[in-house]
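I have a structure here, written as structure tokens, and I will follow up with some questions on it.
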Amino acid sequence: MKWILKFRLSSPLQDQYDNLAIHTSKGIEFLDKYANFIRDRLAIETEYAAKLRRLAKNYQPKKKEEDDNEFTSHQAFRNVLKEINDLAGQREVVAESLQLQIIQGITLLSKTLREERKKCLSNGTYLQQNLSSQLSALERAKRNYEKAYRDSEKAVDNYKKADMDLNLSRAEVERYKNIMTAKIQQSDDAKNEYANQLQKTNNLQQQHYNELLPEVFNRLQELDEKRTRGIREFIIGAADVESSVAPIIARCLEGMVKAGESINEKEDSYKVIERYQSGFTPPTDIPFEDLSKQDPESSQESHYNNVQSSHLTVKGTISANRIKKRVGIFNIFGSNKNSLTADGQKEDFSDLPPNQRRKKLQAKIAELQQKIAQETAARDGLMKMKVVYEANSSLGNPMTVEGQLNESEHKLEKLKIDLKKYQGYLERANQIPMASNSPQANRNNLHNGHRVSRHSNGSTEDNNEDGDDQPDDGGSLSRSDSEDNVAQIQNGHNNNNNGSSASPESGLGTSHTSLPGSGQGSAHDNAMGEDAYYETEMELLQPLGTCRALYPFEATSEGSIPMNEGEVLQVIEIDQGDGWTRVRRLNNTNGWDEGFVPTSYIECTLYA
């Protein structure tokens, strides 16, 4: 039912028009109020999402806590943080959807409704003014008619009186008659004008209330219904925005539940055991010493041996690493600066218990293998690019790829050397018996029940005599000598295997090309200290061949020497498997310079 039909039965339309104008104004204000509500909610959603993201970021595990990430409880918490981030993302989606779908829609609708209402009110005002002017004209015509009619009646009365008066002349009577006739004519004219104006006003009023004003009311009604319908759609739309992310939020909550269910206390306990299991056996029972049956000297010696043995128990394994190591003359990889990794551990992880050492070495080998695979793929790509450039020079210059290819080859070679070195570390670590009382095992390998000593030429020799054990020099120059020191202390004295220092930090093995005297000597010679050791090592070795530098090398560690590209040097000790070759050059100022250079940086030509 239209508004006009309702208002015809009650108060005048003029009043209802004003009320409708006020009602539509309040309706648009209500629409703007709902828009402000959505804006405030949008701000809350945005702030909530930002705080959720900040919360997840603040509780992200730090780098120093990476070792704890293997526990299921830590992994579950990280998954919960991921789900919190996803929840924050969904709240951001809600805020963005409210902005694009609701706020912009309300703004556009409000603007449209205001413009349409303004046009309707302007048209209605015009109609009201036109009707008012017509009514005013009708009122004037009616007053004119009433005045003319009274004047005509008065003129008729005057004429009748004059006609009855015998004292008046015929001319006077005729004058009254003419006045009466004029007044009657004026009254008739005013009457006709009034009738015409009345008909015109009635027609306009009928058209105004039956056609023109109802049309304005209909437009206002459509406008108000459009506003009401818009609010309904916006409320439903806001709920739909929320419901659209509800399944994703439900999955986030399911993810949190799964993260909690994934926590396994038994598995975490097992990982704790795996992490801190050293591989050492507990110390044996301390024997009872009957002092009454021993002489004082043997008692002191037994007490001394027991004290030293106590350093090799589970509690004393850390203290064994604090024994001072003998530093070789070149000190390559022997100083703390070069033998320590980024996390403060030794390069071969010899300062860790056997189990932990094996894990670290396996992780390092896996990392190197991955790097080798990546570098190999990069090299293959460069080679393909070079082939394409050679086939079509317009695509690029092949020489620009040559330098990158050489650098890639150099990196790949260095990675392979490191991989071989760490595989050697792991091989030696696997030879350490798990049930031994000492924290480190003897470095000599057993082969078919005999001792095996490896020389620089890669050959092996079997020794059946226990007294002819030769030290194993197969380890790299960077390997720690803590193993030898601990093993020697375990025996109660320094046992250097015929006086040879097989420590990799010395920079020398027991190869055929080592300095004279390095494989000969006694325990007394080792006790002389570093000064006597240096005097023995300073004797010159015979060159094994020559080498040419393929790349320039800057000596960054003690014991290495720099070289220029194309420089020719003497080879005095070949690579022992650690990636370094010992060379010598003639120095006009100081005589001979000796040191180590990377094997991958040189091209060797050995004498026959």
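Placement of Cβ uses the backbone N, Cα and C atoms for every residue, glycine included.
Copied straight from TrEMBL:
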COILED    128-207  coiled coil
COMPBIAS  297-307  compositional bias 'Polar residues'
COMPBIAS  433-447  compositional bias 'Polar residues'
COMPBIAS  462-472  compositional bias 'Acidic residues'
COMPBIAS  500-523  compositional bias 'Polar residues'
DOMAIN    5-268  domain 'F-BAR'
DOMAIN    351-428  domain 'REM-1'
DOMAIN    542-607  domain 'SH3'
REGION    281-307  region 'Disordered'
REGION    431-527  region 'Disordered'
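Could you give the neighbours, burial and distances for every feature on this list?
The average pLDDT for the coiled coil (128-207) in the predicted structure is 89.
Here the domain 'SH3' (542-607) is broken down by DSSP into helix, strand and coil counts: 3 helix, 35 strand, 28 coil.
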In the domain 'REM-1' (351-428), how many residues does DSSP put in helix, strand and coil?
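The breakdown for the domain 'REM-1' (351-428) reads 69 helix, 0 strand, 9 coil.
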